[in-house]
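Comments concern the structure below.
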Amino acid sequence: MIFSTLEHILTHISFSIVSIVITLHLITLLGNEIIKPYDSSEKGMIATFLCLTGLLTTRWIYSGHFPLSDLYESLIFLSWSFSLIHIVPYFKIRKNDLTTITASITIFTQGFATSGLLNEIHKPTILVPALQSEWLIMHVSMMILSYAALLCGSLLSVALLVITFRNIFYSSKSNNLLKLNESFSFGEIQYKNERNNIFQKTSFFSDKNYYKAQFIQQLDYWSYRVISLGFIFLTIGILSGAVWANEAWGSYWSWDPKETWAFITWIVFAIYLHTRTNKNLQGANSAIVATLGFLIIWICYFGVNLLGIGLHSYGSFTLTYS
């Protein structure tokens with residue numbers, strides 16, 4: 001009873017803090033000169049990380065096994081992983097706008113985990129025989145950590161694409177306006193004034209565009225490194241899962257839905273890393289591959305749980321509304 005109450009308190013505290021954090025991040029992003037809300041939001045994210053750590057520890061003690069046996073526990077661990085990835089850059093770069101993106105996905109995952117949709121699996125259960133193995137910690141934790149890193153890195157790539165295509169759109173719009181001015185043959189002075197005004201607004205070297213260019217470089221830099229880390233975790237997770245499968249079922253690979261989608265995920269991000277070796281494909285081109293990977297990961301993570309089939313169906317669930 002005490003553990004259940006403590007778990008309930010930590011869950012709601014962590015969700016409340018992360019809700020406040022994302023609000024502060026949005027304020028900081030809109031007003032770039034505001035420093036205090038940013039510092040407060042980062043401290044709040046650290047507090048969220050500590051609450052989630054306490055929640056997982058409490059559930060581990062209460063259930064008697066590592067809390068990765070069902071969808072609810074994996075979502076909490078995924079939120080914990082997101083918050084960990086969020087706070088690591090904070091100690092390296094005290095002021096980093098990229099954390100707004102990672103905070104957003106943290107609150108989304110935490111919100112879904114604590115929502116009424118998963119009420120039936122909030123309570124700890126006895127581990128099924130197939131999961132009673134030391135490989136549970138190694139395999140599942142590596143897979144969830146890889147999902148967290150790959151999702152964060154892919155989300156940064158999505159943001160890079162949005163900003164890049166938005167800049168292209170406004171740039172082409174400005175060029176069309178210049179051509180329109182030329183076609184109507186305005187007076188030379190009027191045309192030059194109009195052209196100078198447009199250049200002042202759209203020049204790449206203006207303060208606003210310079211900030212965007214720097215932000216795009218940061219997105220590209222961090223997305224590549226976070227995805228690389230996630231790819232390593234994914235590789236370790238797949239290999240450890242193959243060893244565990246051989247011990248449990250007598251075969252390293254059986255092509256069940258989870259294994260198939262994990263392999264597809266691995267292939268997609270292997271292609272992404274390959275594109276990074278070609279300078280002509282870096283930036284927006286590789287970001288398109290990462291964006292595809294973002295969708296593939298969610299299919300891999302939720303697909304089997306929604307279908308409830310295959311050898312990995314232990315964490316399947318049914319949506320319930322209360």
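Cβ coordinates come from backbone N, Cα and C, glycine included.
According to Swiss-Prot, the features are:
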- 9-29: transmembrane segment (TRANSMEM)
- 44-64: transmembrane segment (TRANSMEM)
- 71-91: transmembrane segment (TRANSMEM)
- 98-118: transmembrane segment (TRANSMEM)
- 143-163: transmembrane segment (TRANSMEM)
- 226-246: transmembrane segment (TRANSMEM)
- 253-273: transmembrane segment (TRANSMEM)
- 287-307: transmembrane segment (TRANSMEM)
Note to self: Applying the under-8 angstroms CB criterion, which one of 44-64, 143-163, 226-246 scores highest with the transmembrane segment (287-307)?
What the structure shows: 143-163
Notebook entry, point to check: Restricting to the same chain and to residues at least six past its boundaries, which positions have a Cβ under 8 Å from a Cβ of the transmembrane segment (143-163)?
Noted result: 68, 74, 77-78, 81-82, 84-85, 98, 101-102, 104-105, 212, 215-216, 219-220, 222-227, 229-234, 236-238, 241, 262, 265, 269, 283-284, 286-288, 290-291, 293-294, 297-298, 300-301
Checklist line | Distal contacts, the transmembrane segment (226-246) - CB-CB under 8 A, six or more residues away | finding: 85, 133, 135, 138-140, 142-143, 145-154, 156-157, 252-254, 259, 262-263, 265-266, 269-270, 272-273, 290, 293, 311
